[in-house]
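Enquirer: This structure is in structure tokens; I'll ask about it shortly.
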Amino acid sequence: MSRQSLTKAHAKITELSWDPTFATPATRFGTDYTFEKAPKKDPLKQIMRSYFPMEEEKDNRVYGAMDGAIRGNMFRQVQQRWLEWQKLFLSIIPFPEISAARAMPMAIDAVPNPEIHNGLAVQMIDEVRHSTIQMNLKKLYMNNYIDPAGFDMTEKAFANNYAGTIGRQFGEGFITGDAITAANIYLTVVAETAFTNTLFVAMPDEAAANGDYLLPTVFHSVQSDESRHISNGYSILLMALADERNRPLLERDLRYAWWNNHCVVDAAIGTFIEYGTKDRRKDRESYAEMWRRWIYDDYYRSYLIPLEKYGLTIPHDLVEEAWKRITDKGYVHEVARFFATGWPVNYWRIDAMTDKDFEWFEHKYPGWYSKYGKWWEEYNRLAYPGRNKPIAFEEVGYQYPHRCWTCMVPALIREDMVVEKVDDQWRTYCSETCYWTDAVAFRSEYQGRPTPNMGRLTGFREWETLHHGKDLADIVSDLGYVRDDGKTLVGQPHLDLDDPKKMWTLDDVRGNTFQSPNVLLNEMSDAERNAHIAAYRAGGAVPA
């Protein structure tokens with residue numbers, strides 16, 4: 001289609017939009033933003049006629065690659081360590097995709113721009129397609145991988161797992177609260193423009209290095225749609241900037257959106273890339289190096305900083321703090337250790353780091369071994385049942401962490417934990433920004449201005465409180481993380497499937513009572529709580 005005819009077709013489509021004059025349309029998805037002065041343009045002029053043939057070709061390539069992987073015996077070559085982590089990743093990622101599809105009607109309802117509506121409708125179809133091909137990828141892994149246990153329960157496990165529910169919080173952020181906050185700033189301006197770089201570009205590179213060339217095929221097909229989504233987000237952002245009343249809301253939302261994306265996406269993707277790989281070439285980029293290139297340089301410096309020319313205050317401090325958490329404070333390494341600590345309630349297996357892994361980590365992150373090496377050696381020592389408990393219940397110098405109420409990732413950088421009484425409950429937060437998000441941003445008033453559409457962070461946000469006082473075996477059984485024999489756990493702290501004696505069963509984990517740190521915190525006296533918090537922040541043992 002020629003550019004001229006495309007422009008004419010696009011203009012014709014916008015004529016189909018109309019506003020009723022006989023009644024005031026009901027506002028289904030509310031926003032506190034105003035758009036009376038907004039320019040109405042769609043720079044990409046997206047229309048269905050040119051869209052569908054392109055997507056059909058991409059789908060043909062994806063499904064052709066899936067067929068080729070089976071015929072080419074890819075599953076004889078792929079690393080088990082890598083595919084085990086895909087049980088968690090592929091249980092989570094289709095949900096944010098389908099949530100993004102659900103977010104598009106929110107944006108259409110909130111933004112008075114017929115041109116943008118067309119692009120948002122195209123994006124909705126994109127997101128449904130992304131979720132579909134990811135679900136098909138997961139099914140193919142399940143049908144062909146040596147250990148399908150975990151892949152076969154991902155939709156159920158995602159919803160009741162201590163890690164999966166972090167991903168659920170992330171995806172629900174696209175469809176809850178203020179429509180522009182959720183569907184545009186949080187989803188499109190930050191998540192899609194910044195963090196899909198590590199998600200859909202850096203991670204496929206790691207997959208290929210571990211013998212998995214299906215994930216790169218699928219996720220590069222996804223990423224090739226993101227330029228249109230970025231255009232949608234930028235167009236709505238410029239519309240919002242046209243009205244000075246929106247500036248405080250934009251600055252609020254950029255802080256919240258940036259920090260929550262960092263907390264969740266860097267925790268997950270950083271762990272998958274750093275701890276899910278067997279490729280330990282010294283010239284391979286670490287996650288910190290990838291982050292510097294894909295997010296700090298390509299997003300922050302090229303996209304975010306130029307917004308200052310519109311008078312917008314950019315959260316420079318939060319970008320620098322995120323970088324510091326990754327490089328200096330060991331954020332990704334703390335997340336990996338936390339996931340490994342929780343192996344009995346995982347639906348994927350996590351093997352111990354080896355000497356080769358130690359050498360690579362020490363090369364990329366000097367001082368890594370002194371902080372994490374001994375713990376991973378203990379993890380390896382306690383890998384098999386019979387003589388010990390699961391590592392979470394052994395004395396290995398690791399205190400089970402408090403959960404962040406906002407992002408739901410635990411407060412793993414312990415010196416930064418914030419404890420405050422909010423809504424008559426003592427809550428823990430991983431950082432000052434997560435506390436601000438709960439206590440200030442998601443409230444009915446912001447800087448003296450009513451913000452009734454923001455909503456609140458509510459619900460059972462701490463997985464641990466749901467299982468306080470239960471026996472570990474009962475928790476695993478209730479969650480459904482048991483193999484077909486009715487006794488062997490799906491999660492294991494090793495990759496040895498050949499010897500049944502090395503596989504942990506319900507009987508092996510029975511007798512260990514699980515306790516919620518937050519429940520215990522709220523039961524403490526003021527003096528006990530203060531002492532507990534001080535010890536936790538110091539990284540030491542909790543006083544008796």
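Cβ coordinates come from backbone N, Cα and C, glycine included.
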Enquirer: Since Swiss-Prot lists Glu127, Glu226, His229 for Fe cation 2, which candidate among Glu155, Glu192, Glu206, Glu251 does it give for that site as well?
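Expert: Of the residues offered, the record points to Glu192.
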Enquirer: Look at the Fe cation 1 binding annotation in Swiss-Prot, where Glu127, His130, Glu226 are given, and name the residue from Glu97, Glu172, Glu244 listed for that site too.
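Expert: According to Swiss-Prot, the candidate sharing the Fe cation 1 site with Glu127, His130, Glu226 is Glu97.
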Enquirer: Could you name the residues, excluding Glu127, Glu192, Glu226, His229, of the same chain that surround the Fe cation 2 site, i.e. Cβ within 8 Å of the Cβ centre of those residues, in sequence order?
Expert: Ala100, Gln123, Asp126, Leu187, Thr188, Thr196, Asp225, Arg228, Ile230
Enquirer: Provide, as an integer number of angstrom, the distance between the C-alpha atoms of His130 (Fe cation 1 binding site) and Glu192 (Fe cation 2 binding site).
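Expert: Given the Cα positions, His130 (Fe cation 1 binding site) is 13 Å from Glu192 (Fe cation 2 binding site).
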Enquirer: With every protein chain in view, what's the tally of Cβ atoms within 10 Å of the Cβ of Glu97 (Fe cation 1 binding site), excluding that atom itself?
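Expert: There are 22 of them.
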Enquirer: What is the one among the binding-site residues Glu192, Glu226 whose Cβ has the most other Cβ atoms less than or equal to 10 Å away?
Expert: Glu192
Enquirer: For Glu127 (Fe cation 1 binding site) and His229 (Fe cation 2 binding site), determine the Cα separation and express it in whole Å.
Expert: 10
Enquirer: Give me the CA-CA distance between Glu226 (Fe cation 1 binding site) and Glu192 (Fe cation 2 binding site), in Å, as a whole number.
Expert: 7
